[in-house]
Structures are given as C-alpha cells and as structure tokens.
C-alpha cells in the first residue's frame, strides 16, 4: 500500500508540475499515465490523454504501424474507419474491442484553433494474441562438413514469438546445452527472434529428430511437428565412378573419330561428288546443206 501511495504522489507531482509549467510559460502540456498498454485481443481499452494550457483545444489521434499512418480522430471527431468501435471523450479514446491489427503507436495531438499552441504524447498499444502452432523446415539429408539451416515460424502471436529448438526431446537453447554429451561435438547457433537453427559445419553427431517451440509470454507455448535429419558422408565412391564413366565415354568417342579418319572415310567424303547426269556430244559428220541431222547423244 505504501509503494502504491508513493507512486500516486509522484504521478500527481509530475502532473501538477506540467500544469504549472504550462501556465508560467504560456504553452500547452499534453500528458498520459500509460505510455505502454497491453490488452488481450477482443477486449476493450481506453487510451488516455490529458492536456492543459489550451484555451480552445482541438484534439486529434494518429495511428502509426510500420509505414502505415491513419487518423483515428480528427478535430475531436472519430473518423469513419473507426466509428463503429471507437468513441472519443476529452480524456481519451475508447476501443470497444481491439484486434491484432490495432497493434502500433497512437499519438494524441492537441493544438489551439489558431495553431499557435501545440503538444502531443504517444502511447504504444500491444494487443495480446497467443502463438499458433509453428511450422518448420528441416532438410531430410545433409552432407557432413556443409552448412545447414533449419527454420521455424508462426505468424499469429502478438507480441512476436521467440523460438527454441529441441533435438531428440532435449532443449538446445539452454546455456549449458553445448556442454552436454548430446551436443558436445556439435557446432550450432540459434536465433530466438527469427527461429533459425544453423549448423556450420554439420557433423556426424547432428543426425536426429528436431522440433521447435514458439512462445510470447501470453497463452500456451506451441510446439511444431518433429522432423528427422540425417548427416551423411560425402559419396566419394559415387563421384569417382561418375568421373570414370565420363572418361571412358570420352575415350570411346575419340577412338571412333580416329578410326574413321584412319580408314579414309573423311577423305572420301571430302573428294567424292554425288553422281549426276553426263552429257556426251559428238561432232556431226560433213553433209551437204539442207541435210541436217542431229547426231548429239545424251547419256543419263
């Protein structure tokens, strides 16, 4: 009770100081008692905004989520997209039911009608949503000595989930995980934010069954399906056999070309001509004028 009383007195002192300061300086002050608000999805919440030092205040509320900006309240009036579930009062705005799309930063902006006086305050709203069942991507087979990346993700949790990995039912995220017998000869890193499990390099001890878990501090932690990964040796014998087969085929091709050339096949092809029509012309015998007879003959 004593702690709550001290906090209340401190809050009252801060608020009083802001009011007195605004009166002395002739400037308006805008204040909120809740700069960071968390509320479960589908419940109601009021975002408060208190101001002083404005003779004729005009209040606006702005919503920012990433690169998206929207007006919730303009000139003390709720805008159309929010009209069915948000109400305005001089002390703030009230959501009748929030969804995960309402996550973001809300700014209360107060100004004079003439624009000579201005103040603002921001409130970060987090809509609490438990994580859904995560999905994983695990290669069924990886070569020892190579790099392997296993991924885990879910897209419903708010705030965003953090991820942990398990191999054969043993947690890999604990500080002493690499000191245990199961992971002593393994080289891996885990990014709890992205959900990536990276082996670099893969060792023979990394074969096993893997699954991940997602949790965000709200609701129940969710576990993925399990998937098996095999760490296999590089198939040197197969590579050597493939190279030998390639060399044999190349040798046979070279021998075939040499054999055809040695038998004169290419020379005959180059010098030979396709059989065609032959024309034989014989000189006509001397005859008297007027007696003409064709004596040319054509052989085909």
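Glycine is treated like the rest: Cβ placed from N, Cα and C.
Annotated disulfide bond per Swiss-Prot: 49-108, 152-212, in sequence order. Marked as domain 'Ig-like V-type 1' by Swiss-Prot: 28-122. Annotation source Swiss-Prot lists domain 'Ig-like V-type 2' at 134-230. Here Swiss-Prot flags 42, 185 as N-linked glycosylation site. Sequence annotations record features per position, and here Swiss-Prot assigns phosphoserine to 282, 285, 288. Swiss-Prot lists 1-26 with the feature signal peptide. The topological domain 'Extracellular' annotation in Swiss-Prot covers 27-238 and rests on sequence analysis. Positions annotated as topological domain 'Cytoplasmic' by Swiss-Prot: 260-299. What Swiss-Prot lists as transmembrane segment is 239-259.
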May I ask which of the recorded positions 42, 49, 185 is closest to residue 212 (disulfide bond) if we compare their C-alpha atoms? 185
Per DSSP, how many helix, strand and coil residues does the domain 'Ig-like V-type 2' (134-230) have? 6 helix, 43 strand, 48 coil
Within the same chain, where does the transmembrane segment (239-259) have neighbours whose Cβ lies under 8 angstroms from its own Cβ atoms, ignoring anything closer than 6 residues to its ends? I mean 6 or more beyond. none
Rounded Cα-Cα span from residue 108 (disulfide bond) to residue 185 (N-linked glycosylation site), Å: 56
Measuring Cα to Cα, how many angstrom lie between residue 108 (disulfide bond) and residue 42 (N-linked glycosylation site)? 23
Residue among disulfide-bonded residues 108, 212 with least C-beta crowding, 10 angstrom cut-off: 108
Whole-number Å distance between the CA of residue 42 (N-linked glycosylation site) and the CA of residue 49 (disulfide bond)? 22
Inter-residue Cα distance where the pair is residue 152 (disulfide bond) and residue 49 (disulfide bond), in Å: 40
How do the residues of the domain 'Ig-like V-type 1' (28-122) split into helix, strand and coil according to DSSP? 6 helix, 55 strand, 34 coil
